[in-house]
Amino acid sequence: MLRELGRTATVKAHGRSVLRPVRGPAGRRQVAFTGVRPSVRVFAEAPAAEQAAKAIKLEDVKEGSEYEGTVTTVEEFGAFVNFGANTNGLVHISKLASGFTKNAKDVVQPGQKVTVKVLSVDAEKKRVSLELKSAVAAEASAEESDDIITEPDREGADATDDDEDVEVELEDGQVEVRADLPGFEDIPFVMEEADMDAEMSEAAIAALEADLDGAEIRYELEAPAYMEEVTGKVARIEDYGVFLEFEWNGKTLTGLLAKDEMKVPSSALSAEAQAALRAEWADTGFEMPAFVELPDDELDVKKYYQPGESVPAFVLESSLVDGRGISLTHFTDEEVSAEAVAAYEELEDDEDEELDKMMADAAGLEDEVLAFDPEALMEEDEGEEAGAAADAGDDAEYEGVSADGLEGANGNYALGATRSGLIKGKNGYQVAPMGLPSRPLNDAVTSSGLAILGTSEVDFDGDEVQLVDYWTSEAFDNIPKDVLKKLGLKMSYTEAGEAEFEERADFEATDVPFYLYGGDVESRAKEFVADLLSDDVDEAELPARAGRAPIVLAAAVQNISAAEVKALREKTGAGMMDCKKALAECAGDAEAAAEWLRKKGLSGADKKAGRIAAEGAVARYIHPGSRLGVLLEVNCETDFVAASEKFQALVNELGMIIAATDCICVSPEDVPEEVLAKEREVEMGKEDLANKPEAIRAKIVEGRLQKMRDQVALTNQATLSNPDKTVAELVKETIAAVGENVKIRRFIKYRLGEGLEKKANDFAAEVAQQTQAKAAAPAAPKKEEPKKEEPKKATVAVSAGTVKELRDKTGAGMMDCKKALAENENDMEKATEWLRMKGLAGADKKAGRIAAEGVVASYIHPGSRLGVLLEVNCETDFVAASEKFNELVNYIAMGIVAGQNVQYVSADEIPAEVFEREKQLEMARDDLKGKPDAIRAKIAEGRAKKIATEMCLLDQPFLTDPSKTVAEAIKESIAAIGEKISVRRFVKFQLGEGLEKKSNDFAAEVAAATGAK
């Protein structure tokens, strides 16, 4: 299935259409093209019968039988004959005549009536071998000619602007092709028969074998095509656009109508605005449009669109383009091109002298496409012949849709890679509505391939134009002479018709603009233009929609090197024209230009830094080994940017930078005052400053403190991807790239066992202590009373199988299991309880040990809006790496997220003032005012304790078993593992917690603006 191109494409082919490249007739204005045609028809030289006879089953065909049939095609090895069966039979060249036959075409012709005899039938493989018995004289269905069709002179073709229909005479081995588009059915194309070893499509094979007038294959496409009109209901409204749900081909699809691509209903405007608009359109003779464009500062998406409303739109992009779903627009290509060209025309004359000169040079090339790839001509190594250079373009790789993506056919369905172009037509320079191939395509084009060629297009002013066929034109036919001159090359043709290139003697190298002459125009121009547009109204930037016309936009910045403008834009986030002006003012010095922009207040990143950023992500980085962990929150303005690859890459790198450095705060201004006071005291007491005057000493200390601030601030750390760049610069570049304010809000770092005292074994001290204990005089023995003898329990026989069963159930030791069974007379349940009680008693003993090993772990809730970092300790790294321990840690982390009010590990950590504040709040409640003070105090204290319990992690229900608390679950793990386990600390970040989100009150803004006037 042709994926996500949007329409249902129909391909019809005849038996003679073993397809080769298409050549358009002369006398048509040529423009570039890319896209998918709804349908293409391929006609035969002689049409078949209007109604095919009922097919004979192969099982009914008997050897020796004779049939009348029609020759469908003639090959070197013989002829295919349709004799009424559902499979065409083959008459081998040796069976065409009684004598020797050199050429099958000398005996039979396509369409000729013949009588054949069946030699053999293979129903399983659907093969029938025939012998020619007799043949009716062939009718002259097509004129035979050995003349060579020559292409008209190129310059003459360019100067021709005649749109009259062209009569096309078919030669032997040719077919006629017409576009199945309303109004363009009369435009003919000539197709030549492929070589004998050319690969045939399934459609052509079906037609060859069945002699059908048209073998029709339909491809059901998954998404609407470019600029197809759809109407959907508003499903969701955001500040950056609306999501429309619409029905297409029986499916419900969702597309984003972005704010930059949006118009508003004229009916939603104020009465005054509607009256002015109606008066404006009254002079044109047309009705007032249903949708109108508003300036960005007046466009409030939520004001003009409501959920459930029906909204029409055009399809701008589908997932085939960039994998981001369906994008919608209210602007046609005509409007976009007009905006881009108008923006170029508004540039000052002295700013684009070089571009104007190029345009003037191109003006002499009537109807010529100005986007191509002549650098491919010079990619060969020196010393190679020019003829080899001519083949370089043909052998280049091209992108396409593989046969796996098609349904019902296995032919060659190559889609040529295409790019945008700037054309010169009747109405001046315009962006080509479609595009042209990056390189000529040498492969044979099949019937399916025709669906992407098409034959004609309509330019922005409704003029019909003929399409360039880059699949069959010679590699160098479409290179203007002035371009070769600019490149220092001269082209000529050898006697064999091969192109030769030689350098001009008087050539002087000049800076050739990259967008027009170098490399793949579309990819380079789009890459250059991608970040040039700014949504800041006060920067007077080119319109955002003009990004669909990258050639025109790229043209607007050619005086200054495009690479320099792009680099400065990425670094500062300033507008395109501002960057160009800054480089011009600073003689191309990028550093000076960046400083110039900053002083002028034109840095886009600096402007965006003032916006409220309450969206973003809570992320974590756990260093391998789980001994170091980081939890951080990075904010942006919208969840759309938060989910972008660029933003996520920034967050991930920040986490690793925090782990790798000694930073303790985000910026130098965030260093805690107590840390500065302590450092100031230390510096003032150093001996190297003792003999200096107080004022000088204070100044030196402040300088050292500032250096310390810079060292511990995250924004001043070097990035991992580029050590020459700081984190602050990386954030600024991200702001410029995503177009939103990005801010590092907070982070925290845990290092395992930090501040804990590990147990140290001093064996010498232990031996000395034991020696002193032995040397001490023994105390007088107490007189013990005789113990009462208890009757001995009868010995219980315990089987090995029972011991194994209990051991598997509890995990206890073998001797412990045996003793438990003996004590409980082989009762499995009682023995299990006995072991549990014994184990918990052991756990209480282990609680006094020092636990300085363990893990630093984290849990990020899906959506990256809530995250937890915690440290859980045990006694040995062996246990810390065990599966049971890590499973416990993960459940505890998820439990912290689940408990909304969890703030402390245990009740002992709750500050006294917090408990007292909660108690006073409860005392002041209305339901306790009528009670005596003593009773009220007791009730308030009970409620405060309950609140305190809700704040403590250890008192929360355990995630997997709410019948027990986290403390009880830890105690059971201690009994099972055999080491002390303790939750040392944790921290929880919730995205945007405490931040104020921006709310747009347009009524208040309008009132304020009116009052200001």
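Here the Cβ of each residue, glycine as well, is placed from N, Cα and C on the backbone.
Looking at 502-528, 664-690, 691-717, 772-798, the stretch flagged in Swiss-Prot as region 'Disordered' turns out to be 772-798. This prediction places the mean pLDDT of the domain 'S1 motif 2' (227-331) at 83. Counting residues per DSSP class in helix, strand and coil order gives 6 helix, 37 strand, 27 coil for the domain 'S1 motif 1' (64-133).
Counting residues per DSSP class in helix, strand and coil order gives 29 helix, 42 strand, 34 coil for the domain 'S1 motif 2' (227-331).
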